[in-house]
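In what follows, a single structure is set out as structure tokens and then discussed.
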Amino acid sequence: MIEITTTLPLFISSIYIILLYILYTKKIKKLSPAISMQFFWIIFISLALVFAGDINIGYLGIIWIIISINFYSFGSIVANGFYTKKSVPEKEVFWTINYAYCKKILIVAVTLFMVSSLYSIISTGIRFSTFLDLNQLFDLNAQNAQDRYLNQFNFSLGERVRLQINTILSYFTPFLSGIFLVVSKNIKDKVLCWISFIPTIIGLLSSNAKLGLIVVVFFFVCGILTTQLLLYKKIPELNIRVIIKIVALIVIFFLLLFIAMILRAGRYDAYMIEILKIKFVNYIFGSVFAFDYWFNSTDTTQLYFGARTFNAVTNILGTFAREQGVYKLFYSEGFYNTNVYTVFRGIIEDFGKIGGLIFMYTSGVIAGYSHRNILSNKPSAVCYAVLSANYFFILYSFIISPWSYTSLIAVFILMALVLKILKENRPLDSIK
């Protein structure tokens, strides 16, 4: 059974959240990187402590995380001081998204993604009837998941290139869908945005690719938030209708992940549901306790100088190969069992505990500068990509560095190039 606990650290974190809200009320609507990082990690740590159970927690690692996010926030705030471009009034904008171009590019991206995904499904022998037979779906899910984890897919060079392009498309399409959702004009436009999720959901049900769905949702959210700041200079007001929609989408998201776990288990009964609940909590919060344990028990003497955090770059350069799973050592205590240690382990392994704080501060400066640029009257496509990348970094940070994967970096580079096409200089009122 999962034990719900209340602790002194949880009480302290609650006070921390309240103070953040009081101090940053005006900046919440602007979704500054400083407040985004603070709120995400304090709430995440608080929820993790709720589900900690009776495991031993050293807290030094958790304290380091809190200190590091404050360094990030401080860097973001400092960037506001040396950014001198004049902010634009809320009801006027000189840089917006071309609706027609955005729709055309999205249709092309969705079509290519659907065709490529359909080819992958057919080439692996999957038939539509498989999704109508629960036993076949159990077998298919288990086999594909096993082959993926054991790396038993033997693809030719051409096939690997096609799969890499398909992966980039699978991330880029929902990212662009998030952008288009903000400028959409009718229900058909909104339907087009949601269609981009269909291949990912099919992949989730057929091969247990849970992380793929998580990444796709994160890109979709980043596209919405950054575009809202670009066009309206603030995030939408939260009314009852918006809150209900958000809650409904969150429920659907977690329900899909839970269904994928049931398919992977291959059975559906009361005992298995209880086991899956434990695994679910482990997948979400295990990385916090794994990092805390690692921080308290490891003395980092060998530094990798960016090879962990930017493993995609070092892998391409051939200076440091990326291993499947990244970390072989599993943290195991109570019902927690994971080899995921958050992004912060890689940062410390690269730069040390003090150097890691400097890295977080520098990242905050870059994020803060990009944020101010997007709020100005002359935002750039590069700053848009950098800011959305920082939001993605925050969301993904409970797992590992997103810059360990070439496809993720490629999406933001591609988006910066596409935004050059979508850029349009005219008042916001003219597109409404």
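Backbone N, Cα and C atoms are what each Cβ position is placed from, and that goes for glycine too.
Whatever TrEMBL says is automated annotation, not expert-curated.
Feature annotation (TrEMBL): of 313-331, 351-369, the stretch labelled transmembrane segment is 351-369. Same-chain residues lying 6+ beyond the ends of the transmembrane segment (105-126) with a Cβ under 8 Å from its Cβ atoms: 140, 144, 162-163, 165-166, 169-170, 172-173, 176-177, 180, 192-193, 195-196, 198-199, 202-203, 206, 418, 421-422.
Residues of the same chain lying 6 or more positions beyond the ends of the transmembrane segment (405-422) and with a Cβ under 8 Å from any Cβ of it are 97-98, 101-102, 105, 164, 167-168, 171-172, 175-176, 179, 215, 219, 311-313, 315-316, 381-382, 384-386, 388-389, 392.
Here the transmembrane segment (381-399) sits against the transmembrane segment (31-51); at least 3 CB pairs are under 8 Å, leaving out pairs fewer than 6 apart in sequence. Sequence-distant neighbours of the transmembrane segment (57-84) (same chain, 6+ residues past either end, Cβ-Cβ under 8 Å): 9, 32-35, 37-38, 41-42, 45, 49, 288-289, 291-296, 342, 344, 347-348, 353, 356-358, 360-369, 371-373, 376.
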